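Let me begin by presenting the structure, written as structure tokens, before commenting on it.
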Amino acid sequence: MRSVTSFNDSWVFSEASTRDAERSGRVSRSACRTNAVELPFNYFDERCYQRAFTYQRVLAWRPDFSQGSRSSSTRQWPMRSCISTAKRSSRIRDGYTPFEARLTDRLLEGDNLITVKIDGSENPEIPPFGAGIDYLTYAGIYRDVWLKVTDPVSIANIKIETRDVLSDHKAVSLRCDLSNPQGLSFSGTISALLKNAAGEVLAEVAGETTGQSLAFEMDGLRGLSLWDIDDPVLYVIEVELRTGQGFRLLRRAFRLPHGEFTTEGFRLNGRPLKIRGLNRHQSFPYVGLRMGRTAKGSAHADIMNAHRLHCNLVRTSHYPQSKWFLDHCDRIGLLVFARNPRLAAYRWGGMETGGNPERPPHRSSATGTTRLSYIWGVRINESQDSHDFYAETNRLARELDPTRQTGGVRYITDSEFLEDVYTMNDFILGNEELPGANRPGTALRPQQECTGLPRKVPYLITEFGGHMYPTKIYDQEQRQAEHVRRHLEVLNAAYARNPGISGAIGWCMFDYNTTRISAPATGSAITASWTCSASPKFAAYVYASQCDPSEEIVMKPVTFWARGDDDIGGVLPLIVLTNCDEIELKYGSLTKRVGPDRENFPHLPHPPVVIDHRHFTKDELGVWGMKWESAEFTGFIAGKPVADLRMAADPVPTTLQVEADSKTLRREGRDTVRLILRALDQAGNVLPFLNDAVDIEIHGPARLVGPARIVLQGGSGFLAGVHGRRRHASSRSRRRGSAAAKLDLVALADGAASA
């Protein structure tokens, strides 16, 4: 391989028609913006991006373009694009899977104008369109672009499979596919090294090739560690191709896990593991899908797993997601349920399911062959049955990777079961409120009621909650407490001593912009445990509190601590989401210590503490018109205090906090970091109903994403800046003063070789 370099920078953009761009020959820089459309936070017309746009960039001739090399532009998921140079063009009718546009023999000496024409309109022949969908498909080049210069014969792909991972002598199967578009005659050598994280060579194989793919076996491997959620050990396969025309080196990280869904639940490396996860959309305020590597990669994965939510699985909704996010999931020990892009017409039964082998499920499956998640979604989300089509998607997935189980997400009962795992969106909780409902509130239905099968099968809940009880971060306290209780009830049912359920994946992680067929008035779905501006709702702590205290001690009272927020008045019953043994509440001169509510939530690893009139009488906490006091909460483990929290009776704005997801940004390409603003009271708690405006300033060679003045929602706000050499962001509110965050640029160059 000669080089793979970032091709993200120096693009100019035009809202002019593609015909106008071709006529002018080049888009004027003074007339362009970085984004096709910058969306308001809410209340916007989704049709604003459903039209044609043009991106252009000059590629200067380089000597290595002519030395028998092949040049191509690799794009990760632009929405339905046509790429052209002065000589020819390439076309892709898919917004979700990566592709290469070959530039070999198209480049001229001198400056070459690369034109990318984006069609953001909804075409029913292109997934996911065809009927209604409940998310937005933002137009534009919203992920990374690479310029790849290779030898005429190069490595096209590495496919890695692991075998016998539970034995002392493990095995790795490797297939190396070659790219030789000119059909050149050659002979060469392919060698492969297996290395650990320290770079030590653990195994080596080699073979001769005259153009065909080569398969290798590395067996009898001793001393290799299994990848685990608590110990995510990664290994590297390094493949080198040497021919008379040169050589190419390709590296691919992989892991050695053993995950299996059984009728007795999910087992990871031979031990039972109850899945606790959330679905994740990858959109952001203002820019949709167009965020840099740090923001859409490590930041989201860390929230899911390591720092905030302590989930062990993420389900990608409803499309293939950023390579950077998936790579980081591997690094931090987060399981992934991979998805195909949803073709809405299949859900509503409005499209024939006959077979073009290059339809998107094929492309998505092929893209994921080296992504060692434990289950593939080979069924279009919540679609009707289609025997021939889904028999083919299952066959294809098993052919591409026989080591991985398949799953098919449905919401209909008694559905044809063609996959290895029956995956079900169970939204039964809340149906008791519908007219004519004749069953009481039910957290989850028994497996066989949903499958209609006479036997138990591997079974996983892939969605629950969500639209059944939409909740805003600034909703009244009792609604938020009910939101919390519903998540608790479903997780409690999933953890019940019923091994037939492998676990449950809630809907969803972040609020997101969606279409009007399912959106609330603002246009943003409020169905998540976090806001779209990355602020946790109370329900987020349902998941966080289930972690072991050795990972993090969690104590979150589900209250704004005010007498007048709840109906009738007061704060009881008061849920405290915690993994502590006991919670002590001090109110005035009174102190009460309460343990977990195992009566109502007997199966959770860490049931919540529920403080009610069994612990405080009406007179002890006072009634309307009596003095309202501040509260102090203390968490105890093994009789020792481990957490404390004070909630003020008279909260006032005191501090404006600025927190960055990362203190570093990458130099190469386009990177973005999220900054979260929070208005805090004198006790350090967020002021949930403060909606003041905050002014933002960015100092240095960086750019603010979104408006320079934001209004706090739920006591918090969101902004993001695209990187420069060094940046300093500050914010100011007239009532609360100012706060600042400083970010420095660092040179972190990794991942390019796998583009």
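Note that Cβ sites are derived from N, Cα and C of the backbone, with glycine treated the same way.
Over in Swiss-Prot, the protein carries these features:
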type	residues	note
ACT_SITE	E382	active site, proton donor
ACT_SITE	E463	active site, nucleophile
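Between the CA atoms of the residue listed as 'active site, proton donor' and E463 (active site, nucleophile) there is a gap of 10 Å, rounded to the nearest whole number. Summary: among the active-site residues (E382, E463), the fewest other C-beta atoms within 10 A of the C-beta are counted at E382. When secondary structure is read from DSSP and collapsed to three states, E463 (active site, nucleophile) falls in the strand class.
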